[in-house]
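Engineer: Next up is a structure, given as structure tokens.
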Ligand SMILES: NC(=O)c1ccc[n+]([C@@H]2O[C@H](COP(=O)([O-])OP(=O)(O)OC[C@H]3O[C@@H](n4cnc5c(N)ncnc54)[C@H](O)[C@@H]3O)[C@@H](O)[C@H]2O)c1
Ligand SMILES: O=c1ccn([C@@H]2O[C@H](COP(=O)(O)OP(=O)(O)O[C@H]3O[C@H](CO)[C@@H](O)[C@H](O)[C@H]3O)[C@@H](O)[C@H]2O)c(=O)[nH]1
């Protein structure tokens, strides 16, 4: 089956490469010519484990193509996936311009029946909006189906998430389109993937409900961690113990500097915004967002407190710039806001990230970018662990201590054990970790 994917960001590239791996004939389109020229040569715009191998294979075996020729790609395909960005607009509303443009392009170049499947995260009502736009620009009326097929992949684990999803959600209004969609995902039946088949509006709603619930879990544990800090309890034990209750679950209860990335921050706000437009006030979504915003400020306070209340003139080494490990994506990365605030307060910043430095250089000025963790420590008055890349989990702590001007570490991802750090002679703080020796009963 021939499919066309509109957009070569994370979702477009991963979906395209994975559908090609499933045996489909895939054409990925973008409006940025140099991106497409690079992709034709196998040069990827993003760092995602496993993606290079899949793209190389798809190109080599002729199942994966890249083009700016949208007319031809639309003409050839039976199913067209929309995978363009839906960034936050004003007041948390979703900026729909890219989705609208794609719908117009599809309408213009469509000459026979197509299934138009939205993978972008879009506000409730978008399927109807896409239908109306296509009908308005079609040169002559041609039948088509609009389907909502939200994507749940995580950056850094995108291939695995696409190939072995917890579920596939397909929202559609007619059986013919649903049958075509099920056929596309048929390899997943072999691994007994649950399919949720529903209407388009419900499918659109599911994506926001999932992301907002996960964001709420993170904000909840961050609030618990902040309280643990004050009452000297240990949030790891709290998270583990509550998570062992299967009704709660252990995942997404890691405290830290708050969630970042291109999804949770914008999607939580977008849900609250379109709910409000529908006359419904979503207090939990709003609270999750507010807690998340405040968490970054709290991290700055933690760092400042470890430097005697004043960072002016001090050098702070920061490990990790991307919003999470295994990606070079810095969209809404907590590290960036924290660095900007520390700079505002007069600190000099040294920073290292395994892959995100080129992206960070575009937005963060006056940072001394380093070649590895140890050169970041050298001459710094404190070390901040901002993103939990694996290589930061296994630092030679004796060497770190020797290189720092003073043995101060602020671990925003709770990678190290407070007691071990204390034993090694560090002045160490984390997020919600108990700092004094445990009771003898423990
Ligand atoms: N990033 C993720 O992990 C993830 C996961 C699930 C869902 N989503 C959702 O998927 C969507 C895409 O996210 P992303 O991170 O891949 O986006 P992105 O912004 O990284 O990439 C979007 C791409 O679309 C291209 N584009 C814009 N207009 C176009 C047009 N008219 N025709 C063809 N291409 C066009 C852009 O040039 C860009 O390359 C968003 O709605 C996002 O919320 C993202
Ligand atoms: O216990 C946790 C788990 C995550 N995070 C943070 O939350 C953010 C998002 O992490 P994650 O969900 O792993 O990455 P994303 O790639 O943003 O994926 C989310 O957003 C995607 C886009 O909608 C969805 O497809 C995924 O299902 C959803 O997990 C990151 O800043 C993490 O550091 C925490 O602070 N604590």
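The backbone N, Cα and C atoms fix where each Cβ goes, glycine too.
The annotation NAD(+) binding site is assigned in TrEMBL to 30, 35, 86, 121, 155, 266, 331. What TrEMBL records for 152, 153, 154, 155, 207, 252, 253, 254, 255, 256, 260, 324 is substrate binding site. Sequence annotations record features per position, and here TrEMBL assigns active site, nucleophile to 263. Marked as domain 'UDP-glucose/GDP-mannose dehydrogenase C-terminal' by TrEMBL: 317-418.
Tell me what's around each of these sites.
Structural biologist: Around residue 35 (NAD(+) binding site), the C-beta neighbours below 8 angstroms that are at least 6 residues distant in the chain are 8, 45.
If you draw a 10 Å sphere around the CB of residue 260 (substrate binding site), it holds 24 other CB atoms from the protein chains shown.
Around residue 263 (active site, nucleophile), the same-chain residues at least 6 positions away in sequence with a Cβ under 8 Å from its Cβ are 121, 211. Following the DSSP three-state reduction, the secondary structure of residue 263 (active site, nucleophile) is coil.
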Engineer: CA-CA, which of the binding-site residues 155, 266, 331 lies nearest residue 260 (substrate binding site)?
Structural biologist: 331
Engineer: At a 10 Å cut-off from the C-beta of residue 331 (NAD(+) binding site), count the other C-beta atoms across all protein chains.
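Structural biologist: If we count other Cβ atoms within 10 Å of residue 331 (NAD(+) binding site), we arrive at 17.
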Engineer: Quick check on the binding-site residues: of 154, 266, whose CB has the lowest count of neighbouring CB atoms inside 10 Å?
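Structural biologist: Selected from the binding-site residues 154, 266 on minimum Cβ neighbours within 10 Å: 154.
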Engineer: Kindly point out which of the binding-site residues 121, 155, 253, 260, 266 have a C-beta less than 6 Å from some atom of ligand 1.
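Structural biologist: Going through 121, 155, 253, 260, 266 in sequence order, those close to ligand 1 turn out to be 121, 155.
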Engineer: Ligand 2: which of the binding-site residues 152, 207, 255 have a Cβ closer than 6 angstroms to it?
Structural biologist: 152
Engineer: Determine how many residues of the domain 'UDP-glucose/GDP-mannose dehydrogenase C-terminal' (317-418) DSSP places in helix, in strand and in coil.
Structural biologist: 35 helix, 19 strand, 48 coil
Engineer: Determine, using Cα-Cα distances only, which of these binding-site residues is closest to residue 253 (substrate binding site): 86, 155, 266, 331.
Structural biologist: 155
